Amino acid sequence: MSGQNQGNCEETYSTSTHEYANADSTDWFADMFADFEPQNTTDGSYRGTMAKIKATELQYQAVFEQKLVEANTNLKRERIRVSIKQTGNSLQLRATLPLKPGDGSLGKTKKQYDLSLGIPANLEGLKTAIEESYELGKLIARHTFEWNEKYLGIKSREKQEIKTIGELLDKFEEKYYQTRQKTITSQNTFPNYISVIKRNFPLTHLATKENFEEIINSVQGNKKNELIAVTSVFIKTFNLGFQLDVKRDNVTPAHREIPEDDKIIYSFDLFEKFALNRKNTNISDEIDTWEMWRWVYGMLATFGLRPRELFVQPDINWWMSPQNLDHTWKVNKNTKTGYREVIPFVPEWIELFDLKNPKPLKILEKKVTKIASVQNINWMRRDISRWFRKVGIEFQPYDLRHACAIRAHLQGIPIKAAADNLGHTVDEHTKTYQRWFGIENRKKAFGEVISQKSLIELQKNEILALRMENERLRLEVEKLKFSTTKNPEDCEQLYHQG
């Protein structure tokens, strides 16, 4: 290569390396999910959540593969004699280099090698691989390449020193969002991951399979299952190279009394009773707040919504629109299971609970405009439970949702329609109403079936009686016809006399 050409080549390498080295790493991830809308495969169940995670991972992998192709195309176009290849969970640099020390290939002075530098196969790793490709290309162009610890893989092995859980935790959020959308849902989920790890694992312990499993196996039930789920995400995020060898516990949900309709209606009035009997408050924002929480209660009871589905960008304009003839509530796409339009399970409660009253809706709108983060939404969600306790309601907010699932079953609403309305899969919906289907609801179901059978029997008897009456009348008509045919003169005489 001439000195002039070599100089141009070096200038190309220098500029490109500088561009990649100084590029903000967030640029690599900013548009990854710009047009990505995963199908609403999650209903909050483990299977549904995993389906959505899988869809997101496939999107990430597609973007990664596209960027890898682009990187190799750019390297080739700029005549850099290095390419990048993926092997398992790592990226390697492929180049034709002088023979490695100890390589006895006869009759050769050069050979194609795949260099392992300890670079992970993700977008951040690809950025590093591109930088290393330009650096290696520069050495090849200058004929100054030498086999050293870095290219022999010695340093990469040293780099694989196991870090503590605390060291990884400091980088957890950054790594987590490199492969996931930053949505309201994910921002709500992630702080819980951090909290679970901090509460349960000594941060000074090494992030090894044995250390994780020792803690997980020391607890039972829901806590164990939560640790398995969170730790699995943690391990996968950092590609620690192992999987947990622990089994989830089978947990039987605690018994819950799902409220009957009369109790739901009675409890609605507890909000106003509380407001009338409470001590005076000088905080103007809190004087009428009870009306908004009563409205929230009514909506949960009527529609079977998740509490968050009332607070995440509520479409109040649609709710109050004259065009909303079916009184549906539109759940925002940024909620747990995505967009859906919900039909009221008990339409008459819209009027009974005065759910179209603009006053509580204005309070809600004012509250929602103050929401600056996911944390604010969580505060509002927790406030519902606090208000239930404050006014003396004896059940939990989610029990109203379970009541809708049971009610739909008793009403004979097709399972698929009810599941879609609640944002469930059919399986999850069936589990829900079967789990909380108590003795009173069984009595009601039996009573309705028996009542329907009694009604059918009554209708059958009525039909039989009508048929017998019809037969009697038919015979009377036939008898009359017969007597008329037998004595026509008598009939004529009777006619003239009349």
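Glycine is treated like the rest: Cβ placed from N, Cα and C.
Quick look at what Swiss-Prot lists:
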type     : residues : note
ACT_SITE : Arg306   : active site
ACT_SITE : Lys336   : active site
ACT_SITE : Arg401   : active site
ACT_SITE : His424   : active site
ACT_SITE : Tyr433   : active site, O-(3'-phospho-DNA)-tyrosine intermediate
DOMAIN   : 263-446  : domain 'Tyr recombinase'
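Sequence features, as recorded in Swiss-Prot, placed on the structure.
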{"residue": "Arg306", "record": "active site", "DSSP (3 states)": "coil"}
{"residue": "Lys336", "record": "active site", "DSSP (3 states)": "coil"}
{"residue": "Arg401", "record": "active site", "DSSP (3 states)": "helix"}
{"residue": "His424", "record": "active site", "DSSP (3 states)": "coil"}
With every protein chain in view, how many other Cβ atoms are within 10 Å of the Cβ of His424 (active site)?
25
I'd like the Cβ neighbour count for Arg306 (active site), meaning other Cβ atoms within 10 Å of its Cβ, all protein chains included.
21
If you measure from the Cα of Arg401 (active site), which of the active-site residues Arg306, Lys336, His424 is the nearest?
Arg306
